[in-house]
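Peer 1: Structure in structure tokens, see below.
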């Protein structure tokens, strides 16, 4: 018989738990792990980490390999001028000064590799979080208390908890003590289940993310103070949970394995993470190690190294696979190709000898282009496990923050020992600064590089990607905000009713008569106490006046509405495989009340797919286009030749026949059409122009930061912007093909011959500089600077003697801008070698600065970007997206005002405005720019004069308050164009209200040259000052601020990435989908939500006031006229489903009619579906119907007798309650059904279900229920003819006034929707099916006095314009 007890396993378990208890003791007492005592999580077999800095020297071979140079070329010239992005300096500082300046700087993070310097050991310990990500709100232990706490933060839930607790006191509610908890429990349980499911999904994603495997260097010393500082209670919980889990694991496996000898403290602490990944075991960790062969140091000969000559590495150091959650600050990790970056890493070395690698940041900022990153010169030698473990240095960097594009720090390493005369403490400290270009951020993916070794700088919650999460502000819809005041009014009404009941109860109790004394044995001395008790009893009785389930019902309805938006195939983009994705489910009704839309231009109104169309070279203009140019000329009523298209096609054909040097794989895709340019490029007669064309296109092929890649034998360009890609592609199409950009060498095939250029420096583009420059050295050793940028920054930097070409180029660029093209200038200069070396020293010093590095680099860059030679200018077309003009026309008819906020030039924005129907030739355009108005007072005077002479306003506060209430469409004859500098003036408090007054009189507002912060400021100004619902739409990272500021943010998934769509409330594929999102789903959702909330208050009022009227009949003693189960199930089963169905499915007209008649949307802008008038109309209707329901039953019982079929009189309170509750349930459900705009099968089914459930419950409960008084009540009352008479009479009297009013209103005072539906009903199905998708054949009825608007170019016709008297 086999043994049932494994004694070896038990023995091993004892020793393991003993070690675990020691670890827990140290953990609970917070023993810091310094200088080799590395206590961290991870399933690795750790060696002795107590070893210090080794004193043995490298072998001669390793030393020679460390000092190897990049190549002979770098040795001859670049020894004194390093890569600009990786510049470094060495400085000598004393240990005394070093310690003195760093003693207590909390703004600096220090990370030590291998050991802590002696002078730093007195510094306070720094605690770092683990790399474990936790986005869940709850844990299994904290879920119930924390979720309940969050739910009871809602004042309504807290109120109902108080009422429920009151019901537990027999003095206030002597019966049904247990049942009182059911309604609140159902609400809390439903919400808890929803929150639990959402949190479980987050937990699954967290677990998957945390258990992703990565390569980590083990067997070396991580000398930092590790782990996050957590409280004693959390440590105790972790200790208990880990102990229980590990014991269960050990007992589970004790019969399978021979023992648990390999179970140690280190791998116990992470047993959970190991078990969660089926492909990851302890054995696989030890076997799945990674060998890295040493590669020689690529640093320059004069650079310092973090590996000292007397240092030696650990022979036990090796890279092993671990879970990413076990990474700690100070760990060294290796990332392989196509792997995700597990933490924020400082790049130590790469596979490339020059230290470059490429990353994709799509998961971080949504951009799909590759970005180049660089290893530090001092750490390029760390290419193997041995060398990484031998390195000794420390890093000083910024504390964690959320900026994705900024990170400054410095690497410091001890140098050689000096004599006392040279230094105070005889220590030389080497420093090399680094920036964001040397850091790999968590969330990026390594591309086009075999491997990268990095040092962990930030982990877990301190990484950039985590710092940028959760920044989206919590938004609430306007209805939700208004609903808070409605709830407050209901609370006040409830308290007034309770106080009224208490006063009358005390009055009734004060009456001394024989009946009261005989029946109650009470006298008037207890009257005040009865009044106080009655107040609390009434609070329990009338609690449904404040709807307990309203908020959860709204969440359910909004979730279903969001699903409908997601499932709409008309908003599905097949090219991007992108549906409309709602990310904020609680603001869907705001989509139906948008009055102002703020839109970006590039990538939002346009496709962000750049096409090179025209250029100016040496004062000669090239290029023809008939796409957007034709459209703009037509809209501006300019002279347009209909034969232009044919001429362009013939010119293209002639060009392709002549062109023989292009390396374009598909010549038909060429967008730059100019046979004259090809003739000049290939001409042997006009040498000067031929050379100019040659140098211009060579500059296009060299001045960029494009990364080349080959996929399936196809050359791919990965550019940081679509503009750069367009420039490089057009150079390729005309024989200047960029073949390779690796190792900072550009290989270009020019006329069939490969040319190599060494990239010495790249001065990147910034929004402040508005230009970028590349410094290159050609094969002849000549150094060139090529610069491209805006004309406003290039022209001032040109050398003298170019007046003729400058004037011609300016005219050409102005012409290009007037045609809607994006323009750039291209310039160059040849630099003397000695001048470059002197500039390089200053540039290195600027790059080495720890503080204000960007400003210093920009200042030094100005020194070399001077005396430029103008080569020419470019014109790039950004085509409009599909149906943009038609969508803008629809939105304008709907009464929505569209403002365009763009960073483009004024001329470009104006012409895009013409092309997309924002502007027309008959408009008067008010231009406000800093060139014309240089001071705030001048801008204010201009706006006041414009308001006075054009619109008759004096700019007073009274006029502004009047305009706040005016939501009518502005004049179609005026528009405003303002630039970013002038916008700073109008955003001031002194001028802002005048600017808004002027904007309300203009159809279109174009804000040009604006920054992201200015975009957000404009949105905030309109939203807060005008008290309107705003929407912002964009596609780039620069649009995130205004998207988050607006009431509704919409992001477009485009070429610029997904930064906007990730921060938005709704993500769509193209701008044209916005029309359907607002005019169909927005209008539906707003109308449905308003109707649902009105129904909710109505049904609760009618039910509550029946109980209130009954109190007059029984002297306010707080008794129910219904059976208590009816009170409990009223909101849960009897009336809830019809309200939810109405909020989800009701619609007045279908989607196609909504799109054809955008003017229907104006009711949402005016707030006509939900306002105080509508609320009180439903409240008063409910009060009236409650009086009818109670009064009819009271009347018939007072003057008549009811006898059951058994001959028994029907006169008990339970029977009378059934006489009242039955018609009440009928009335409520019929009222909801008949107030819906359209009846459908789902509505009828839910209506029958609600009525059926009421009667099923009534019969079952009256037959088998525990209530003696209610026993057989259903069978007694329902078999009497009088019961049904009372029911029919009550229904008729309740519903007759409401539906009489509706009929009269539709006949004599029809709204626009009534006229439209009447017309639709009169039309045949054949006529309806023959209508087009963009034009409606719905004609105006003769009853409406407002005319139809004129047809637009797209064929869109408005339907009925609103007559204010009918609203």
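Using N, Cα and C of the backbone, Cβ positions are placed for all residues, glycine too.
Small disclaimer: the values here were computed from a predicted structure and weren't measured.
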Peer 1: Please find, within the list 462-482, 483-503, 504-524, the residue stretch that Swiss-Prot describes as transmembrane segment.
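Peer 2: Going through 462-482, 483-503, 504-524 one by one, Swiss-Prot gives transmembrane segment for 483-503.
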Peer 1: Kindly point out the range from 137-154, 155-172, 209-226 that Swiss-Prot annotates with transmembrane segment.
Peer 2: 155-172
Peer 1: Answer with yes or no whether Swiss-Prot records residue 118 and residue 1168 within the same membrane-side topological domain.
Peer 2: yes
Peer 1: May I ask you to indicate which of 406-426, 427-447, 532-552 is given in Swiss-Prot as transmembrane segment?
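Peer 2: The listed stretch tagged transmembrane segment in Swiss-Prot is 532-552.
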Peer 1: If I take the Cα of residue 1039 (Mg(2+) binding site) as reference, which of the binding-site residues 600, 823, 904 has the closest Cα?
Peer 2: 600
Peer 1: Specify the secondary structure state of residue 600 (ATP binding site) as given by DSSP, simplified to three classes.
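Peer 2: Coil, per DSSP.
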Peer 1: Who sits close to residue 823 (ATP binding site): which same-chain residues at least 6 apart have their Cβ under 8 Å from its Cβ?
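Peer 2: Set apart from residue 823 (ATP binding site) by at least 6 residues yet with Cβ under 8 Å, we have 790, 791, 813, 816, 817, 873, 874, 875, 876, 905, 908.
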Peer 1: What is the separation, in Å, between the Cα atoms of residue 1035 (Mg(2+) binding site) and residue 770 (ATP binding site)?
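Peer 2: Cα-Cα, rounded: 21 Å.
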Peer 1: Out of 770, 1038, 1298, point to the one nearest residue 602 (Mg(2+) binding site) in space (Cα versus Cα); all of them are binding-site residues in the record.
Peer 2: 1038
Peer 1: Tell me, how many other CB atoms lie within 10 A of the CB of residue 600 (ATP binding site), whichever protein chain they belong to?
Peer 2: 29
Peer 1: Kindly report the helix/strand/coil residue split of the topological domain 'Lumenal' (1113-1124) according to DSSP, in that order.
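Peer 2: Here the numbers are 2 helix, 0 strand, 10 coil.
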Peer 1: I'd like to know the mean pLDDT over the topological domain 'Lumenal' (504-531).
Peer 2: 68
Peer 1: Which residues, sitting 6 or more apart from residue 904 (ATP binding site) on the same chain, put a CB under 8 Å from its CB?
Peer 2: 601, 602, 822, 912, 1008, 1009
Peer 1: Measuring Cα to Cα, tell me the gap between residue 600 (ATP binding site) and residue 1298 (1,2-diacyl-sn-glycero-3-phospho-L-serine binding site) in whole angstrom.
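Peer 2: Between the Cα atoms of residue 600 (ATP binding site) and residue 1298 (1,2-diacyl-sn-glycero-3-phospho-L-serine binding site), the distance comes to 47 Å.
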Peer 1: Please tell me whether the transmembrane segment (1125-1145) and the transmembrane segment (532-552) touch - that is, whether there are at least 3 C-beta pairs under 8 Å between them, with each pair 6 or more apart in sequence.
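Peer 2: Counting Cβ pairs under 8 Å, at least 3, so yes.
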Peer 1: Hey, which bits of the same chain come close to the topological domain 'Lumenal' (1113-1124), Cβ under 8 Å, at least six residues off its ends?
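Peer 2: Residues 172, 175-176, 179, 501-502, 504-505, 508, 533-534, 537-538, 540-541, 1106-1107, 1190, 1194, 1213-1214, 1216-1217, 1220-1221, 1261, 1267, 1270.
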Peer 1: Taking 602, 1038 as the binding-site residues to compare, which has the smallest set of other Cβ atoms within 10 Å?
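Peer 2: It is 1038 that, of the binding-site residues 602, 1038, has the fewest other Cβ atoms within 10 Å.
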